[in-house]
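**Student:** Pulled the feature table from TrEMBL, pasting it below:
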{"type": "BINDING", "residues": "A:C340, A:C400, A:C403", "note": "[4Fe-4S] cluster binding site"}
Amino acid sequence: MSKTLFDKVWDAHVVDSVPNGPQILYIDKHLIHEVTSPQAFAELEQRGIPLYRPQQVVATADHNVPTLNQHLPIKDALSRKQVDLLSKNCENHGVTLYGLGHPYQGIVHVMAPELGITQPGMTMVCGDSHTSTHGAFGSIAFGIGTSQVAMVFASQCLLLNKPKKMRIKVDGDLNQGVTPKDVILYIIAQLGTNSGTGYFVEYAGSVFEQMSMEGRMTVCNMSIEMGARGGMIAPDQTTFDYVQGREFAPKGEEWEKKLAYWKSLPTEEGAEFDQEYSFDAADIEPMITYGTNPGMGIPLSGTIPDSGDQNFEKALNYMGFNPGQSLVDHPIDYVFIGSCTNSRIEDFRQAAAVVKGRQKSPAITAWIVPGSQQVAKQIKEEGLQDIFEAAGFAIRQSGCSACLGMNEDKIPSGAYCVSTSNRNFEGRQGQGARTLLASPLLAAQTAIEGKLTVINSLEPAL
Amino acid sequence: MKKLNKIESSAVPLPIENVDTDQIIPARFLKATDREGFGENLFRDWRFKADGTPLPDFVLNQETYSGEILLAGTNFGCGSSREHAAWALADYGFRVIVSSYFADIFRGNALNNGILPIQVEEEILQKLLAATSNNPQTSFRVNLEEQVLEAPELGIKVDFAIDDYKKMCLLNGYDDIDFLLSKKDEIQAFEKSRSH
Ligand code: SF4
């Protein structure tokens with residue numbers, strides 16, 4: 001029988017099956033960070049179990065780190081304790097840590113791919129729902145809870161029921177000004193926030209084939225926002241070129257062996273999916289969200305729909321919007337370009353192309369938060385930092401920052417923030433903060449204009 | 001893990017859809033490094049004003065509603081994978097959550113913390129929510145062994161699905177670590193057998 005990409009990777013990692021129950025899935029790489037790992041380490045210690053395969057675990061500090069003065073001790077006592085505990089746990093259990101100050105530190109879903117830790121055909125987990133990002137390489141990557149972090153520590157395995165398979169195809173040519181972020185916001189707006197629950201998604205079609213690895217990561221990253229455990233894209237020459245030569249990528253003979261295997265992974269003709277959707281690229285416009293879940297998105301040129309539903313009204317109340325309203329010309333207070341969705345070098349190149357030679361609006365506070373130390377370095381080397389600084393943007397150090405408002409990078413109550421992150425939930429960016437999700441391109445343009453404007457003459461040639 | 005089999009209790013209605021784990025426990029409370037005490041901040045920003053005074057309209061602040069069962073709108077527990085959400089619900093005293101849809105990661109986290117997620121048809125959920133909102137004393141019986149949820153006063157009795165393995169874990173208070181450790185030989189054999 002013809003197999004899908006997902007089947008091939010999953011089946012190659014099944015250790016055993018429990019009759020009438022879950023399967024034991026072997027995990028190749030386990031990424032950890034400071035917020036969802038301490039209780040798992042504590043559990044190992046309480047039960048006197050050693051960490052089984054420390055060399056398959058990689059740690060970084062990202063969620064709860066300051067983005068200013070990272071060379072100084074962390075001011076907030078609880079955050080400092082949490083970050084220190086990660087260092088101590090990693091040391092005690094022999095886990096490699098790229099902590100604050102290390103040149104490889106960064107948001108876990110930015111630093112692992114750029115180091116070549118993420119590779120096609122792998123199974124990867126992390127105590128973070130956006131682990132789906134790594135599926136861009138044709139790996140099975142998904143977020144887990146802390147109890148599962150402890151299970152992987154103890155056995156390098158998880159007990160799971162095999163998810164169902166969905167394929168989402170987008171074919172055709174994207175319109176000017178439409179980025180990978182718009183593609184995924186469009187898909188989620190079309191299908192809804194729980195359409196993917198119980199599924200693993202494969203994105204296919206010419207749009208994804210032509211997309212860069214950064215763009216593919218943006219798309220796979222947001223799979224969880226439609227409820228899917230993960231998203232995948234078949235590995236191809238773009239994938240191989242990205243991985244080759246990176247720090248932890250296979251080398252020499254090993255590379256040739258892996259490459260041959262990776263080339264065998266794509267979904268075969270005739271393979272079956274439990275659910276399929278297809279979209280036409282020409283229908284996709286630059287997107288913006290107006291509500292409190294990522295499915296509440298419209299083309300910026302459109303108007304907010306009316307639903308009459310209580311939950312819908314609650315969301316619009318929170319956002320201070322009305323049904324039928326257009327968001328064009330709506331004033332904005334903050335612009336945040338960062339997060340594991342859009343904080344890679346390509347995202348900043350796009351934003352800088354819009355910003356170059358212009359000044360941000362005085363009404364806007366604009367933050368640039370690189371996804372990793374390596375991206376920060378690249379921004380500097382490519383001269384993008386100068387462009388942003390000259391325009392009045394504040395450049396922070398790498399971390400999750402205002403994506404989840406765990407550190408001091410919070411949006412004030414009632415303020416509107418155009419954000420390149422992935423969640424517009426109530427209070428996500430700070431209590432009472434109002435988040436509008438958009439692409440780095442639209443975010444940059446908003447910072448210049450001080451309000452939402454249709455992608456226009458400011459648009460660079462993509 | 002705490003064992004669970006039969007629960008008899010009134011329920012707390014939360015007819016909000018797409019409740020994400022950021023609402024269940026906001027990120028600023030994730031700095032803790034142990035599992036205890038999250039119940040205090042369960043639904044923090046719906047339950048309290050910024051200055052800490054309770055918001056009287058929120059159901060957890062209404063004394064008439066209580067119980068070990070939470071009735072919640074569809075797609076409960078979406079968003080962040082934070083298990084802190086399950087810890088907060090358990091710490092507050094919920095043992096069963098009834099909804100018409102659960103987000104995948106949350107469902108797993110709940111089961112790993114002795115909370116039983118019961119999925120029912122949307123129509124049934126709406127009946128249960130309405131009944132409890134009208135009469136907070138409406139009683140419910142959950143029997144995990146038989147996989148039945150019952151609301152005797154309403155004449156409602158529904159079966160629910162749960163994987164045999166997870167059911168065994170909840171009934172006995174076992175967790176996956178014990179099971180996975182018992183499979184060490186198979187895991188090692190698998191590691192040796194891999195060609196790529
Ligand atoms: S950037 Fe945001 S979404 Fe990504 S890992 Fe950090 S907190 Fe999670």
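Using the three backbone atoms N, Cα and C, a Cβ is placed for every residue, glycine included.
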**Student:** Restricting to the same chain and to sequence separations of six or more, state which residues have a Cβ under 8 Å from that of A:C403 ([4Fe-4S] cluster binding site).
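**Tutor:** Long-range Cβ contacts: A:F336, A:G338, A:S339, A:C340, A:S419, A:S421, A:N422, A:R423, A:R428, A:Q429.
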**Student:** Are there any residues in the same chain, six or more apart in sequence, whose C-beta is under 8 angstroms from the C-beta of A:C400 ([4Fe-4S] cluster binding site), and if so which?
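**Tutor:** The answer is A:D62, A:H63, A:N64, A:V65, A:I107, A:S339, A:C340, A:M406, A:N407.
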**Student:** Around the [4Fe-4S] cluster site (A:C340, A:C400, A:C403), what further same-chain residues have their C-beta within 8 angstroms of the site's C-beta centre?
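**Tutor:** In sequence order, the nearby non-listed residues are A:D62, A:H63, A:I107, A:H130, A:G338, A:S339, A:T341, A:S343, A:G371, A:G399, A:S401, A:L404, A:S421, A:N422.
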**Student:** Through the lens of DSSP with three states only, how would you label A:C403 ([4Fe-4S] cluster binding site)?
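**Tutor:** For A:C403 ([4Fe-4S] cluster binding site) - judged by DSSP and reduced to three states - the answer is helix.
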**Student:** Around A:C340 ([4Fe-4S] cluster binding site), how many other CB atoms lie within 10 A of its CB?
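**Tutor:** Total other Cβ atoms inside 10 Å, all chains included: 28.
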